[in-house]
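For 1-17, the entry in TrEMBL reads signal peptide. Positions annotated as transmembrane segment by TrEMBL: 30-48, 55-76, 82-101.
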């Protein structure tokens, strides 16, 4: 996630290759910055969901994706006046909900949670 975020930041000066229109280049810059900063968060979510897949916790992943999708749709409705920025903020909400679910699963409710591991060792 961090490497991809840095790559996106490094490619910002080349926005003129994608569009010759200065308006498009100006509009793309803050969104590209936001997307670059979002990459480490998305990387954590993907890694956490990968651990959950390895533990065969597919129902929990489905529940997280559903909760994230519902939150994103609500955010899209609330942030619609912001246009494209609202879409990206909604994507942020989607990933935050998924990250919180992954962390909850890992530390509280999943098979690797400290309380469950401690019970198995006792």
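Yeah, the Cβs are placed from backbone N, Cα and C, and that goes for glycine too.
Packing against the transmembrane segment (55-76) from elsewhere in the chain are residues 49, 86-87, 89-91, 93-95, 97-98, 101-102, 105, 109-112: each is 6 or more residues past its ends and has a CB under 8 Å from a CB in it. Within the chain carrying the transmembrane segment (30-48), a Cβ under 8 angstroms from the stretch's Cβ atoms is held by residues 1-2, 4-6, 8-9, 11-12, 15, 84-85, 88, 91-92, 95-96, 98-99, 102-103, 105-106, all 6 or more beyond its ends.
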